[in-house]
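*Asks:* So TrEMBL lists the following for this protein:
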| type | residues | note |
| --- | --- | --- |
| DOMAIN | 23-244 | domain 'Kinesin motor' |
| BINDING | Gly101, Gln102, Thr103, Gly104, Ser105, Gly106, Lys107, Thr108 | ATP binding site |
Amino acid sequence: PEPVPMPMPMPVPVPVPAADDCSVRVAVRLRPLSSEERFAHCEECIHRVEHAEQIVVGKHSFTFDHALSPDIGQQEVYDVIAAPLLQQFLGGYNATILAYGQTGSGKTYTMGSQSSLNLEPEEHGIIPRFIADLVDGLKEGGDDGSPPVSMRVQFLEVYGEDVNDLLNPLGSKVSIREIDGQVVAQGASEVPFSTAEEVLELLEKGTLHRSTGATNMNARSSRSHAIFTIVLDKGESISSGASE
């Protein structure tokens, strides 16, 4: 008689050692099905393991520092991903959030690098929330005798091999160079700001200048990569970058 194939057991949560001493954390956010996918009767193929930072794809499981299910809101994503970086940023450390994923996977929505003017507050992404908390945090700490600070914002787009200044699209060409051991965007403008509203206006201005091109996943999506940087000056330059 022919052997009977045995069913493949489902992956189970695997203990993961603590990573408190690691400066790089990785989180995965599962997006819900799009309206087009639901119309085509598609089914979800990735599942989050309950009570574990793991996802299951077919017969394989993958572990992350954070695994975020499709039903969580923007505020919870911010609390898990970005809020812990704010105090480190105010303390003088560089902080970077990199959103990685294929076109249409939700990078722009999660980061909030699109226009936020017509969005409900609960739909705001990481960048608008980080800016609001940054400005509020500086106001709260302004009475402790600390030296005054200055804040500037830079908004760049990498499109193919070109680097575009989204806040000054008619200005000089931007080039990436290494100067005194530091990588800088030479020719890019840095616009000072003092309120969260000013930054949202700059975010809106830069968004309007981004290159767009249709793809199979998202008709309004762009093949460009945006780099939104906040520079906080406390006598020494401290920068926080958010890219998508």
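Positions of Cβ are set from backbone N, Cα and C atoms, glycine also.
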*Asks:* Using all protein chains in view, find how many other C-beta atoms are within 10 Å of the C-beta of Gly101 (ATP binding site).
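*Replies:* Around the Cβ of Gly101 (ATP binding site), 13 other Cβ atoms lie within 10 Å.
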*Asks:* Among the binding-site residues listed here (Gln102, Ser105, Thr108), identify the one with the smallest other-Cβ count within 10 Å.
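*Replies:* Fewest other Cβ atoms within 10 Å, among the binding-site residues Gln102, Ser105, Thr108, is found for Gln102.
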*Asks:* Let's check the environment of Thr103 (ATP binding site): how many other CB atoms sit within 10 Å of its CB?
*Replies:* 15
*Asks:* Test of understanding: give the count of other CB atoms lying within 10 angstroms of the CB of Lys107 (ATP binding site).
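*Replies:* By my count, 22.
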*Asks:* Across the domain 'Kinesin motor' (23-244), what is the average pLDDT of the model, as a whole number?
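*Replies:* Mean pLDDT for the domain 'Kinesin motor' (23-244): 84.
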*Asks:* Relative to the Cβ of Gly106 (ATP binding site), which residues of the same chain, six or more apart in sequence, are found under 8 Å away?
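*Replies:* Expected: Arg29, Arg31.
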*Asks:* At a 10 Å cut-off from the C-beta of Gly104 (ATP binding site), count the other C-beta atoms across all protein chains.
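*Replies:* By my count, 17.
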